[in-house]
Amino acid sequence: MTTYDTAEAAVTAIAGDRATLRMDGTRAGVVLDATGLSAPERDDMEAALRTALTGRAGVTEVRIVATAERSARALIAVASGKGGVGKSTIAANLAIALSRAGRRVGMVDADIYGPSQPRLLGVEGTRPEALDKQLIPVLTPYGVPLLSMGQLVEPGRAIAWRGPMAAGALGQLVEGAWGRADTLVLDLPPGTGDVQLTMVQKYRPAGAVIVSTPQDLSLIDATRAIDLFQKAGIPIIGLIENMAGYICPHCHEISDPFGLGGAEAAAADLGIPFLGRIPLTGSIRAASDAGKPPAADPGDAVFAPIAAIVDAWLRLPPPAQPAVAAPR
Ligand SMILES: Nc1ncnc2c1ncn2[C@@H]1O[C@H](COP(=O)(O)OP(=O)(O)OP(=O)(O)O)[C@@H](O)[C@H]1O
């Protein structure tokens with residue numbers, strides 16, 4: 001018997017025709033159709049497959065992707081009206097805090113202008129593999145698997161895509177082998193152009209979180225982003241104020257370089273929930289650049305504000321679905 005035959009016999013004995021086996025050298029990949037299985041049944045089947053394959057006929061690595069419950073997966077867009085307000089940083093930390101709160105979270109980095117999630121989540125330079133043309137998210141040290149636009153192009157190259165191409169690439173990321181993830185956090189490009197609109201219309205997130213700094217210019221742009229989602233019929237989950245209040249590391253005096261409370265007032269004016277604020281601190285930038293998100297470190301000063309935002313978010317009633325505007 002060949003390595004493949006031996007491995008396939010083991011897989012069939014456990015999962016019957018629910019499982020499809022692919023072998024690549026000594027690596028085994030199994031796509032498991034978990035439709036109708038309870039979570040414990042599926043976990044048991046995955047564990048049995050892993051045990052049966054590991055070490056059998058020279059298999060050195062086993063990957064199992066369960067495909068079911070796709071319809072139950074929520075796509076949550078994190079967006080901003082303008083660049084540089086910390087949207088990607090907040091998206092990474094929200095994903096980790098959501099995962100710590102018990103959700104099974106994946107990160108889709110759709111920021112074609114500056115895909116920074118591989119760096120933020122500590123996996124810069126990694127590339128996803130594909131199984132049956134489906135991308136397999138890259139595991140990160142923080143329990144949040146990742147697929148990024150930046151992984152689809154050569155490092156350092158600009159991504160010059162128009163709306164349909166960007167939406168096609170986004171499709172590859174969203175339709176990746178997300179297994180049991182129940183929530184995908186989508187880091188959108190900043191702004192309200194065609195690319196964003198195409199993505200939003202085509203992939204219909206369940207809700208959008210908007211990130212803004214407290215200053216007026218950022219809030220005006222955030223209001224535009226909110227308008228884009230509302231026109232497309234995507235509920236706004238809430239607004240997060242980033243870079244709110246600077247604590248001087250030397251004298252500990254608090255100053256407000258971008259103003260104070262602007263986002264909370266804007267949220268009230270717009271009738272959308274205000275989820276909370278994150279201070280401006282050098283430590284966020286340093287930790288983010290080092291691929292060590294503060295949401296994963298209970299000792300970090302920003303850990304609590306991020307956890308509080310996720311807590312406020314999870315307490316919200318499901319957002320009412322606004323009337324869907326006719327596509328432009
Ligand atoms: N609260 C904060 N305090 C200090 N620095 C921050 C904070 N939030 C983000 N930053 C830093 O600001 C810079 C921009 O952040 P980030 O890349 O997340 O912004 P962005 O809105 O996603 O920008 P773009 O969409 O243009 O990529 C980064 O260097 C990041 O580390």
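Placed from the backbone N, Cα and C atoms, the Cβ positions cover glycine too.
Curation plays no part in TrEMBL annotations; they are all automatic predictions.
The ATP binding site annotation in TrEMBL covers Gly81, Lys82, Gly83, Gly84, Val85, Gly86, Lys87, Ser88.
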Notebook entry, point to check: With every protein chain in view, how many other Cβ atoms are within 10 Å of the Cβ of Gly86 (ATP binding site)?
Noted result: 22
Next item on the list: Would you list the other residues of this chain near ATP - those whose C-beta lies within 8 angstroms of the C-beta centroid of Gly81, Lys82, Gly83, Gly84, Val85, Gly86, Lys87, Ser88 - in sequence order?
Entry: Ser80, Pro190, Val211, Thr213, Ser218
Next item on the list: Identify, among the binding-site residues Gly81, Gly83, Gly84, the residue whose Cβ has the fewest other Cβ atoms within 10 Å in this structure.
Entry: Gly84
Next item on the list: Let me know how many other Cβ atoms fall within 10 Å of the Cβ of Ser88 (ATP binding site).
Entry: 26
